[in-house]
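Per TrEMBL, the feature domain 'NADH:quinone oxidoreductase/Mrp antiporter transmembrane' maps to B:129-428. The feature transmembrane segment is assigned by TrEMBL to B:12-34, B:41-61, B:73-98, B:110-127, B:164-185, B:210-234, B:246-267, B:279-303, B:312-333, B:339-360, B:381-400, B:463-486 (among others).
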Amino acid sequence: MIYAVFAPLVMTLLIPFFNKWKDKIHTGWFLLPIPLFIFLYFVQFIGEGFSPVAESYQWIPSLNISIDFYLDGLSLLFVLLISGIGTLVLLYSIYYLHKSERLGHFYIYLFIFMSSMLGVVLSDNVYVLYTFWEFTSISSFLLIGFWHYRERSRYGALKSMLITVFGGLSLFAGIVTLTYITGTTSIQEMINQKDIIIDSPLFPLILIFIILGAFTKSAQFPFHIWLPDAMEAPTPVSAYLHSATMVKAGIFLIARFSPILAGEPMFFIIVSLFGIITLCWGSYMAVRQTDLKGILAFSTISQLGMIMAMLGFGTKAAIFAAVFHILNHATFKGSLFMIAGIVDHETGSRDIRKLGGLMTFMPISATLALFGVFSMAGFPLPFLNGFYSKEMFFEASLHLDGYGGQFIPFFQQAIPYLAVFGSIFTFVYSMYFFFGTFRGEAKMGELPKKPHEAPIGMLISPFILVLGVILIGLFPNLVNGTFIAHSAEAIYGSAVEKDIYFWHGLTYPPLIMSIIVVVLGTLLALTRQKWAGIYTIFPRNLSFNEVYNYIVDKTETASTKITNKYMTGSLRHYVLYILIAILVVSGVVFFLTNGFAIDTSGLSTLKLSDVPDILVGLTMAIAAIGTIFTNNRLSAIIILGVVGYGLAILFVIYRAPDLALTQLIVETVTVAIFLLCFYHLPDLKKIKEKPSITLTNSIISIGFGALMTIIAISAHSSKWFEPISNYFLETSKPLGGGYNVVNVILVDMRGLDTLFEITVLGIAALAIYGMIKLRRDKEAK
Amino acid sequence: MDLKTLLSFEWGMMAPEFTILIVAVILSLIDLFGKDSIKKYIPSFAVAGIGLALIFLLFQYGHEEVSILYDTYIFDSFAFSFKFILLIGTLLIFFMVLSKQKDEEITDRGEYVYLLLSALLGTMMMASSGDLITLFVGLELLSLSSYIMVAMRKRNKRANEGAMKYIINGGIATAFTLFGMSYIYGISGTTKLVDISREMSSALGTTEPIATVGFIILFVGLAFKISSVPFHMWTPDVYEGAATPVSAFLSVVSKAAGFVIIIRLFVTIFNTGVEGNETLYSSMIGFVAILAILSMLIGNIIALRQRNMKRLIAYSSIGHAGYILIPIVSLSAMTLENVWFYLLAYSFMTIGAFMVIYILEQSEKSEDISIFTGLFQRSPVLAISMTIFLLSLAGIPGTAGFIGKFNIFVGAISADPAQYILVGVMAVATVISYLYYFNILIQMFIRQPEFEGRRTVNKMQAVPLIACITGTIVLGIFPFIALNFFS
């Protein structure tokens with residue numbers, strides 16, 4: 001299995017080589033066998049006696065992550081879809097994409113996607129699943145942006161990437177929590193530990209995380225907005241990723257985790273409610289589209305909603321119908337996308353307002369579309385597979401016996417009506433799609449190209465899909481026991497068996513519902529012109545695109561605002577923020593820990609003889625404050641010098657003449673150097689600040705000064721050790737033989753340090769001498 | 001101390017440091033007295049020196065703990081593994097330096113090289129020091145070398161502005177650091193980390209407000225090196241002004257050293273306590289958590305609107321600093337491993353991204369984001385490399401960045417108490433970061449090029465690129481290689 005998963009990925013390495021011959025042979029031909037072989041490989045597994053297969057490879061043993069593949073009915077369904085539709089899409093793309101396009105890139109992206117998607121559906125390990133999951137998003141991003149010169153594709157690509165990767169992150173959070181609770185990374189193991197998960201207080205969180213992941217990927221309301229914009233991708237991509245496979249990854253995820261999550265009230269309510277809303281909203285929105293692919297995009301959204309809703313119902317019949325519909329949807333929607341691509345390719349337009357009457361020009365395409373459209377609409381005919389699953393959907397919506405009803409009776413009552421409501425619009429847009437394009441008057445003048453039938457190669461793929469539609473419609477039990485039943489079993493947890501009939505009798509309620517849909521749908525479709533106004537009015541301001549744009553815009557403006565306000569580039573502000581940070585944090589901490597307790601017992605009391613000290617101290621304080629108010633650099637530095645000299649005087653008073661001397665020299669030198677430097681600087685500009693800013697600045701600086709003072713005093717109050725000075729006072733005479741303690745320390749006790757310090761200074765002096773000499777030599781030259 | 005004790009120390013353990021020191025000295029001498037024909041090879045000598053130091057270091061793998069000069073220099077597994085990152089990071093940066101044959105703006109290439117080496121020496125000393133004094137000396141060696149390196153582009157206005165801001169901010173930060181250290185020294189009476197830790201484990205560490213003040217001020221001072229809130233404002237200005245390899249050095253090696261010192265100090269000093277007593281560290285966890293949250297949000301939100309690529313990476317690096325603070329908040333047995341792994345992954349992806357920017361800024365003479373427009377058509381190699389680095393920075397699976405984030409994520413959730421708020425903020429910040437990382441992808445893949453002509457990558461430029469890509473992907477797919485190496 002691992003070969004099947006990684007074969008496309010390995011193939012991407014060879015694509016550049018194939019691409020060299022692309023002038024002679026289209027690159028696609030070389031690649032066609034790959035998905036075909038994968039398909040054939042997995043087809044072998046189909047059979048009545050199918051049982052799950054598991055494979056395991058070591059990956060990150062320390063984190064208990066290994067590449068586990070697990071092929072059960074559900075995976076098998078998806079694997080076949082991915083490889084089967086993949087083959088057809090590849091074949092189709094050979095005719096769709098001209099050799100002059102960047103084929104190499106296209107196929108590389110496509111194959112990365114194929115590998116990742118196969119990985120998603122086959123992984124049993126949640127982290128491996130997540131890895132592949134994100135890669136599907138990235139390859140989808142690249143494919144949407146394939147036509148890089150289009151403005152819209154840029155927007156669409158970023159949008160789809162942001163929304164799906166956001167969902168991916170949410171899924172990631174979900175699986176991390178799951179692993180945390182269960183201690184395993186295997187999904188099958190998790191299913192075995194279902195009770196532990198459900199009883200956990202984190203369960204609602206897990207549920208929401210996983211559902212978010214699924215909803216974003218499967219374009220469920222309100223995250224559906226990325227899908228219509230993803231239609232900028234080339235049509236084969238839309239047919240493949242954005243209708244048949246990638247968007248179903250969310251469905252797959254919900255199905256995969258159904259054995260754990262289903263049966264919970266919250267799961268039922270969220271999934272079926274949003275599923276139904278998506279169904280209705282998607283089909284309603286599809287009616288107002290004018291772009292063929294736009295119609296199909298919203299139609300896909302609505303169909304995905306329907307499948308999601310069925311998974312939400314969680315009953316045996318509903319799950320069976322969901323699986324059946326996944327298969328059916330892939331066949332008819334795939335063929336319709338391809339037809340839309342053909343129309344675009346042969347007429348040069350996808351705008352349904354310009355199209356019409358193409359039946360005469362493109363009879364084969366039109367016939368194929370006819371089957372696809374009526375299957376999509378769920379028209380009650382025995383050779384349309386869409387009808388079967390739709391009818392099962394109606395049936396399931398009617399039989400939620402006591403299951404959903406316990407929670408919200410009203411909701412349960414409403415579901416069948418909503419289902420019919422959504423289906424009516426499905427019928428309307430299906431008819432609109434077909435009759436708008438192929439019937440009516442031909443408007444040749446408005447088309448860029450003269451329409452004609454597509455080359456036979458392009459028609460093969462939709463033909464095969466339509467054949468699938470009819471075959472499944474005629475012999476539904478062909479796929480039932482071998483295939484769908486196994487898949488449904490994997491979701492439901494126990495065997496699901498059901499026979500599929502076309503005819504259940506005239507009073508069979510789902511049939512009546514279908515007939516209502518057809519009748520009302522036909523009426524609405526015929527009178528579509530009259531309703532056109534309503535379609536354009538209703539969701540104008542309600543569009544979730546607005547919300548997305550709003551969020552993105554707001555984030556960016558917020559960023560701009562913060563940048564302008566906060567990252568001014570001004571050093572003063574930088575320092576300000578740091579001071580505020582320290583002030584606030586230390587202030588709060590000091591307050592909380594009661595650090596303001598100041599102990600005065602160690603301090604001496606004021607005496608008359610202290611007057612000189614106090615006077616000097618006051619002078620220093622006044623000088624320091626004075627510095628702030630001078631607006632001349634030179635005077636400021638001189639006034640600041642007063643502080644230094646004051647300190648020297650204090651040293652003198654406390655009988656430390658050598659310290660006083662040092663202080664005097666240092667102070668003099670610094671002031672002199674400052675004076676020399678400042679002399680060359682321009683005058684200080686007087687900046688007029690707003691009073692409010694000045695006030696804040698003063699508060700911060702005063703606050704910080706106060707804090708530092710308090711810290712200093714408080715530090716003085718908490719002495720944990722004997723002062724070190726006592727030791728030196730006692731030992732300076734006996735050890736060093738001198739009474740001047742400072743001198744003894746410098747030349748004796750710390751003699752080696754002093755020596756090194758002198759050495760360092762000497763080296764520095766030498767370096768300065770060297771630099772001056774170099775300069776002189778240069779000038780001399 | 002007599003000669004005998006001096007010689008009895010296991011000096012061999014300092015072989016990596018001595019190698020760097022000797023190479024730096026020799027290179028400075030060559031630069032002073034050597035002929036121009038030899039001077040050309042100065043960067044290559046430096047690479048050889050770092051390679052040699054790396055080999056010495058690898059020989060020490062699994063060596064028992066050693067302490068030299070009464071615990072001022074210690075060798076333990078922590079020092080070993082972080083020195084590994086420092087050396088690898090600097091090696092990659094030297095490859096970056098080598099890739100540019102002629103530099104019009106920095107004529108003194110010799111100085112550039114041995115300043116880088118002395119900065120590296122500083123960081124290595126920080127990783128191995130067991131004493132506040134050696135720690136501080138290492139820190140200052142790093143800082144002083146960095147100040148000059150930022151200012152190397154003499155004629156560039158932005159470089160001058162950046163250097164000025166860097167030195168002033170750095171000076172303030174150093175002042176705070178020293179102030180904090182002095183308080184810690186004051187209440188514990190020793191500069192030796194083991195002894196301080198012993199003192200702190202008594203009632204002193206938990207009841208004394210001065211200890212708390214020391215903690216806060218020291219942390220704020222050290223936040224400068226890791227460019228986290230509140231000392232992050234210098235980052236964009238300096239990264240923008242400095243030559244790109246220097247920016248890469250500051251954002252990778254210097255930041256890693258900052259984390260080394262923070263872990264060394266805070267985890268050893270403040271996180272020891274008597275049984276049942278809450279340690280000072282655990283009571284201050286909220287403070288660190290707030291810094292982490294602010295860093296993640298501020299860094300990522302402001303990065304959104306940056307057009308200058310180096311500023312953008314600078315803001316994103318503030319965000320990453322926030323991520324790396326998370327395991328430090330949620331202290332557990334996994335903390336060291338998670339920080340280490342993230343830093344290693346971060347080195348590869350950030351240096352890689354800087355390398356791509358470096359190549360493009362040389363060919364387009366611009367640092368604007370528009371240098372990436374249509375890059376995929378102009379140079380698929382560069383575009384794909386950048387994609388890998390960006391995906392890794394964004395934390396997409398399959399890359400080293402993902403595993404790093406994943407470890408942090410799991411570490412924070414399984415910590416006691418679980419740090420849900422931090423994890424939530426990290427998720428939000430990650431989503432925001434998608435916006436600007438993916439925007440660069442858009443520029444590269446889905447936009448018409450604004451610059452003409454194809455861009456090729458020459459051999460010298462390919463070396464660091466290949467190294468970084470290999471690192472990013474191998475660590476992403478087989479992280480256990482690195483994780484086994486660590487443990």
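Backbone N, Cα and C define each Cβ position, glycine as well.
Under the criterion of 3 or more C-beta pairs below 8 Å, with sequence separation of 6 or more, the transmembrane segment (B:210-234) and the transmembrane segment (B:312-333) qualify as touching. Between the transmembrane segment (B:73-98) and the transmembrane segment (B:246-267) there are 3 or more Cβ pairs closer than 8 Å, counting only residues 6 or more apart in sequence, so the two stretches are in contact. Away from its own ends, the transmembrane segment (B:312-333) comes close to residues 226-229, 232, 235-236, 238-240, 247, 251, 255, 259, 262-263, 266-267, 271, 281-282, 285, 288-289, 291-300, 302-303, 306, 339, 342-343, 346, 350, 353-354, 357, 369, 393, 405, 407-408, 411-412, 414-416, 418-419, 422-423, 426, 429, 433, 436-437 of its chain (Cβ-Cβ under 8 Å, at least six residues beyond either end).
With a cut-off of 8 Å between Cβ atoms, the residues of this chain six or more beyond the transmembrane segment (B:41-61) that come close are 13, 15-17, 19-20, 22-24, 26-27, 30-31, 75, 80, 83-84, 87-88, 90-91, 94-95, 97-98, 109-110, 113-114, 116-117, 120. Sequence-distant neighbours of the transmembrane segment (B:339-360) (same chain, 6+ residues past either end, Cβ-Cβ under 8 Å): 81-82, 85, 88-89, 92-93, 96, 99-100, 244-245, 247-248, 251-253, 255-256, 259, 263, 309-310, 313, 317, 320, 323-324, 327-328, 367, 371-372, 375, 382, 385-386, 388-390, 392-393, 399-401, 403-405, 407-408, 455, 457, 461, 464-465, 467-469, 471-472, 475-476, 479, 482-483, 486. If you look at the transmembrane segment (B:110-127), the same-chain residues 6 or more away from its ends with a CB under 8 A from one of its CBs are 16-17, 20-21, 23-24, 27-28, 30-31, 39, 42-43, 46, 49-50, 73, 78-79, 82-83, 86-87, 90, 93-94, 97, 134-135, 137-143, 145-146, 148-149, 152, 243, 249, 253-254, 256-257, 260-261, 264. Same-chain residues lying 6+ beyond the ends of the transmembrane segment (B:246-267) with a Cβ under 8 Å from its Cβ atoms: 78, 82, 85-86, 89-90, 92-93, 96, 116, 119-120, 122-123, 126-127, 129, 135, 138-139, 142, 146, 149-150, 152, 193, 215, 218-219, 222, 224-227, 238-240, 281, 310, 313-314, 317, 321, 324, 328, 331, 335-336, 339, 343, 346-347, 350-351, 354-355.
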